[in-house]
Amino acid sequence: MALSCSKVLSFYLSPVVGGGDVPKKLTFSSFLGLSKGVGGSRSSRVCAASNAPAPLAGVIFEPFQELKKDYLAVPIAHNVXLARQNYADDSESAINEQINVEYNVSYVYHALFAYFDRDNIALKGLAKFFKESSEEEREHAEQLIKYQNIRGGRVVLHPITSPPSEFEHSEKGDALYAMELALSLEKLTNEKLLHVHSVAERNNDPQXADFIESEFLYEQVKSIKKIAEYVAQLRLVGKGHGVWHFDQKLLHDEDHV
């Protein structure tokens, strides 16, 4: 009996008795040569018909031919990434550098949290703000780590600089000084992110460019705008009683980061 499957390839289901001849198979018959014994003496096998027509003209994609390209070969060495594709070495390095940037900024914010949480400073709103800011930057670093692994890169954690522990400023006061420092850090982080984006574009890596754009760049300019407003407000209230009111606003504001 005959089994027709398409105009490109045709197959028939032939009974095989004992060791009879089996029709000639296609070159990728290893994917199609299925057999099942029945009663131990008679079986059925899917085979290519010897009169199968030639492939249709105009075929634009032949996967098994395409897979012969060397750069699509799956690595055998156990220490080589299997997922890596179109991921340049300098893109990998730029992501590792950005991980370090995020951890460093997180560390500075954590130092600010510790400072404002002191018993003789006791600006709980600022302590809360910088603690949450530190956690956010650390989450960014972890997000970059996950992306590095997705692309088949290797995470390299660089040393983190120790931040200062004192943030008193005789002219500006500690609150304004700390918030201006935070604004500068956010602008610096944005500059570093733009560098990572430019590296991705230079290497024709739209996936990395899209990752930086969609996950970081817009949120970064929002953070810059928010902290710039805080700097402006602290400049208005001065170093006295107004700082306490500003701090209370931060303490009870659930959407300040």
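Note that Cβ sites are derived from N, Cα and C of the backbone, with glycine treated the same way.
Database features (Swiss-Prot):
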- GLU102, GLU137, HIS140: Fe cation 1 binding site (BINDING)
- GLU137, GLU186, GLN220: Fe cation 2 binding site (BINDING)
- 85-238: domain 'Ferritin-like diiron' (DOMAIN)
- 52-84: region 'Extension peptide (EP)' (REGION)
- 1-51: transit peptide (TRANSIT)
(request) Summarise the model confidence on the domain 'Ferritin-like diiron' (85-238) as a single mean pLDDT, whole number. (result) 98
(request) Write out, in the order they occur in the sequence, the residues of the chain not among GLU102, GLU137, HIS140 that have a C-beta within 8 Å of the mean position of the C-beta atoms of the recorded Fe cation 1 site. (result) VAL101, TYR103, VAL105, SER106, GLU136, ARG138, GLU139, ALA141, GLN143, LEU144, THR189
(message) Name them in sequence order: residues not among GLU137, GLU186, GLN220 whose Cβ is within 8 Å of the mean position of the Cβ atoms defining the Fe cation 2 site.
(response) VAL105, GLU136, HIS140, LEU185, THR189, ASN190, GLU219, SER223, ILE224
(request) Fill in the CA-CA distance, GLU102 (Fe cation 1 binding site) to GLU186 (Fe cation 2 binding site), as an integer in Å. (result) 10
(request) Determine the Cβ neighbour count for HIS140 (Fe cation 1 binding site): the number of other Cβ atoms within 10 Å of its Cβ. (result) 23
